[in-house]
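K.L.:
Residues or ranges marked as active site, nucleophile in Swiss-Prot: S118. Per Swiss-Prot, the feature active site, charge relay system maps to E234, H302; the stated evidence is similarity to another entry.
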Amino acid sequence: MQDEGVDMKKLLLRSSDEVRVIAPSCSMRKIDSSVIERAQERFRCLGLNVAFGDHVYDEDFLGSASVDKRVADLHAAFADKKVKLILTAIGGFNSNQLLQHIDYALLKKNPKLLCGFSDVTALLNAIHAKTGMPVFYGPHFSTFGMEKGIEFTIECFKNTFFYGRCDILASETWSDDMWFKDQEHRQFITNPGYEIIHRGDMVGMGVGGNISTFNLLAGTEYEPSLKKSILFIEDTSRMSITDFDRHLEALTQRDDFCTVRGILIGRFQKDSGIDMDMLRKIISRKKALDAIPLFANVDFGHTTPHCILPIGGMIRVNVDRKCITVQLHSSVEQLPE
């Protein structure tokens, strides 16, 4: 539940603010230098100053810095009064290694904007569960090193973090290519828009992320509540339809799943083989989902572009306008039971 002591208006970005980049999953060594330089330039154009954690380039035989070093960079970013936004560098597989070593009291005392996606799902949801602080599921720092097709993502970033409100309509185009390997020969696909599987407006607290990573938190003290929630879920091209089916089933078996007020499903990557017909069949077989409004093909996850969704903040969905609204200043506590 959102910490009522956090004044989100005071956390909004202003010109000359510092963005701190940390690598709680994989090392920044995996990111090409041209991508890093382009991302830095993008933030300079936004009037923001970029700094990096001391250990973002460290890596062991599994491609990450040690747990102690990754936690140290996280703590340093939250403790530094100059830092206003913390961005994760890239995803990976092991941010959950940090959870039992984090000083959550330090984080709660020094609230910041924190944003990332994919494996960072574990870190984001744990921080929200332990502190009540809203955090954000959205682009990594490396995402901003994309040469083409970044405009939608930047607009969402500005509206959310500078102005505190973003009305998210479906993007005009999307892409699922390996842009970080080939910036020139991009393939952009016309977006048919949100897929409305169950009609209905939604109002609730955002929670979720990468579904397979989110479910790693099940039964732990780092698992966030689903009470009054808009649950948003996505996964990578490695996620098959059978994998998605069982992960979704696991969520429906939670004691608090009956309190979920809506579900948003991020766009599946092409290599997953999951299409809308398959998804509708999976959804139709789950009675726990029958009465829950549900949108799919939403612009978050492992395709581009990226919108930004709060974990522990308000999400509103207007089915007639086909619009998802994120408003940082709204309190989830004001929602009726």
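For all residues, glycine too, the Cβ spot is worked out from N, Cα and C.
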K.L.:
Within the chain of E234 (active site, charge relay system), which residues six or more apart in sequence place their C-beta under 8 angstroms from its C-beta?
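P.N.:
Listed in sequence order, they are G209, N210, I211, I265, G266, R267, F268, F300, G301, H302.
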K.L.:
In sequence order, which same-chain residues at least six apart have a C-beta under 8 angstroms from S118 (active site, nucleophile)?
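P.N.:
In sequence order, S25, G91, G92, H140, G209, N210, T213, T236, H302 meet the Cβ cut-off.
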K.L.:
I'd like the Cβ neighbour count for H302 (active site, charge relay system), meaning other Cβ atoms within 10 Å of its Cβ, all protein chains included.
P.N.:
22
K.L.:
Can you check what DSSP calls H302 (active site, charge relay system), collapsed to helix, strand or coil?
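P.N.:
It is coil.
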